[in-house]
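Annotated features, as they stand in TrEMBL:
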type     : residues                                    : note
SITE     : ARG17                                       : site 'Transition state stabilizer'
ACT_SITE : TYR22                                       : active site, proton acceptor
BINDING  : ASN74, HIS80, ASP87, ILE101, SER102, ARG111 : substrate binding site
ACT_SITE : HIS100                                      : active site, proton donor
Amino acid sequence: MSVLLINGPNLNMLGTRQPEIYGSTTLADVEAAVRAQGEAAGVSVECFQSNYEGAIVERLHAARTDGTAFIIINPGAFTHTSVAIRDAFAAAEVPFAEVHISNVHKREPFRHHSYLSDIAVGVMAGFGTLGYNLAMTFALQELKTA
Ligand code: DQA
């Protein structure tokens, strides 16, 4: 039983990418913090980042049968564009939380729509990188009661 943390395009640049919007925490910091939360609860965390839509689609297909119990995803810009990632979640049939570091709803109108939110268990937006940990707290609670 494990949690899969997926980060989409440009999130490998966290820490240096537009720090006024995304802060100075790096992706390695985010992954270490979520892993530590999992370890403390006896749940393993697998981290995956890709700038390629197809690679994320294929990782989601694998999640259907590899023991992934919950997915936390920041799909980055694919949030607003990707029917393919939406369909892959529907195929994977693994519950997931959608995380955005920034509050996408107070940004440009094109960031207000998500192809994933209506099939996600829940959405976190605007709490900085802490949002990943809040989503992980929820995931661990779900796994405990499953
Ligand atoms: C983001 C918001 C998206 O609109 C953007 O394309 C990102 C990051 C966020 O974490 O706030 O890459 O998902």
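Just so it is clear, glycine is given a Cβ too, placed from its N, Cα and C backbone atoms.
Unlike curated records, TrEMBL annotations are generated automatically.
In this structure, the binding-site residues ASN74, SER102 were compared by how many other Cβ atoms lie within 10 Å of their Cβ, and the smallest count belongs to SER102.
Residues near ASP87 (substrate binding site) in space but far in sequence (CB under 8 A, at least 6 apart, same chain): none are found. Here substrate is bound by ASN74, HIS80, ASP87, ILE101, SER102, ARG111 per the record. The longest Cα to Cα distance in that group is 25 Å. For the recorded positions ARG17, HIS80, HIS100, ARG111, the greatest number of Cβ atoms within 10 Å around a candidate Cβ is found at HIS100. With respect to their backbone Cα atoms, ARG111 (substrate binding site) and the residue listed as 'active site, proton donor' stand 11 Å from each other.
The Cβ of TYR22 has fewer other Cβ atoms within 10 Å than any other of the recorded positions TYR22, ILE101. The binding-site residues close to TYR22 (active site, proton acceptor), defined as a CA atom within 10 A of its CA, are SER102 out of ASN74, HIS80, SER102. Each residue contributes its Cα atom, and for ARG17 (site 'Transition state stabilizer') and ILE101 (substrate binding site) these two points are 12 Å apart. In three-state terms derived from DSSP, SER102 (substrate binding site) belongs to neither a helical nor a strand segment and is classed as coil.
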